[in-house]
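Visitor: My structure is below; once you've seen it, I'll send some questions.
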Amino acid sequence: MMLPTATATAVFLTAAPSSFSTRRRRSRAIFASLSPSFSSSEEPLLVRAARGEDGLPRPPAWMMRQAGRYMAEYQALAKRHPSFRERSENTDLIVEITLQPWRAFAPDGVILFSDILTPLPAIGVPFDISDSKGPVIQSPVRSKEQVRELVPIDLDMLQFVGESLKILRNEIDGKAALLGFVGAPWTIATYIVEGGMTNTYTNIKSMCHTAPDVLKGLLSHLAQAISDYIIYQVNSGAQCIQIFDSWGGQLPPHVWEQWSKPYIKQGCESSWSKRSYT
């Protein structure tokens, strides 16, 4: 679990407490609370903590990845629906899997069941998931021409996410915070550049030196796409957004400061500047 402390940024970013190591903060998750900045004791505890409110009765408690193999209920559902993409792209299944751990443990945050690669087809990067290899991208993006071929995120292709969030917000009914879910630009880029999972990150690390302009263009495109995706999730009912930089921990601190942090910041600040509430 991670207990949030507020930091002074434009979008009320929160991460692990300052006592955590820098590497651990990078490799875990960042929170952005995009709700209007007013205080209300009626709001979920986690939302109030994400804003940095003082005087809360206790820290909020939640698990970053709540649904999973440890739950017999989830295992039974996965046997009936063995395709991970079906489970993460079907509204009924998303809602059911999201609610399973909340019903069992009543954490302060209810995290949308999704995947960091879910929006890739909506920007022009199709992918498959292999049982043995995990995500597979047949045409890795490594050239300036390929970056130019990427498209602005088509939110119509992600309606199952919006519908799931709307249903979940009603189901939870204010008893916990509903958390959206996105990947950080660097982490998403590792899959796009490497073509899937990797232990070495050879291609993307090499691009930092051999093709920095190409990598900057890719990360900027992803930051904009993630910004639009964040706004879409917020307008669909998400009260906070959990940003996973799963592979940020593969970078030394000074490299992370150059190649990951600015693009997380770009995406969050863009989301904040364009926010609207429905």
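Any Cβ shown, glycine's included, is placed from N, Cα and C.
Pulled these features from TrEMBL for this protein:
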type: DOMAIN; residues: 60-69; note: domain 'Uroporphyrinogen decarboxylase (URO-D)'
type: DOMAIN; residues: 179-195; note: domain 'Uroporphyrinogen decarboxylase (URO-D)'
Visitor: Could you give the residue numbers and ranges of same-chain residues that sit at least 6 residues beyond the domain 'Uroporphyrinogen decarboxylase (URO-D)' (179-195) on either side and whose C-beta is under 8 angstroms from one of its C-beta atoms?
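Guide: Those are 30, 46, 62, 109-112, 114, 116-117, 119-120, 125, 127, 135-142, 165, 201-204, 207, 215, 218-219, 222-223, 226, 229-230, 233-234, 238-248, 250-251, 256, 259-260, 263-264, 266-267, in sequence order.
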Visitor: Determine how many residues of the domain 'Uroporphyrinogen decarboxylase (URO-D)' (60-69) DSSP places in helix, in strand and in coil.
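Guide: DSSP classes over the domain 'Uroporphyrinogen decarboxylase (URO-D)' (60-69) add up to 0 helix, 0 strand, 10 coil.
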Visitor: If you run through the domain 'Uroporphyrinogen decarboxylase (URO-D)' (179-195) with DSSP, how many residues end up as helix, strand and coil?
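Guide: For that range the per-state counts are 10 helix, 5 strand, 2 coil.
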Visitor: Can you tell me the mean pLDDT for the domain 'Uroporphyrinogen decarboxylase (URO-D)' (179-195)?
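Guide: Per the prediction, mean pLDDT sits at 96 for the domain 'Uroporphyrinogen decarboxylase (URO-D)' (179-195).
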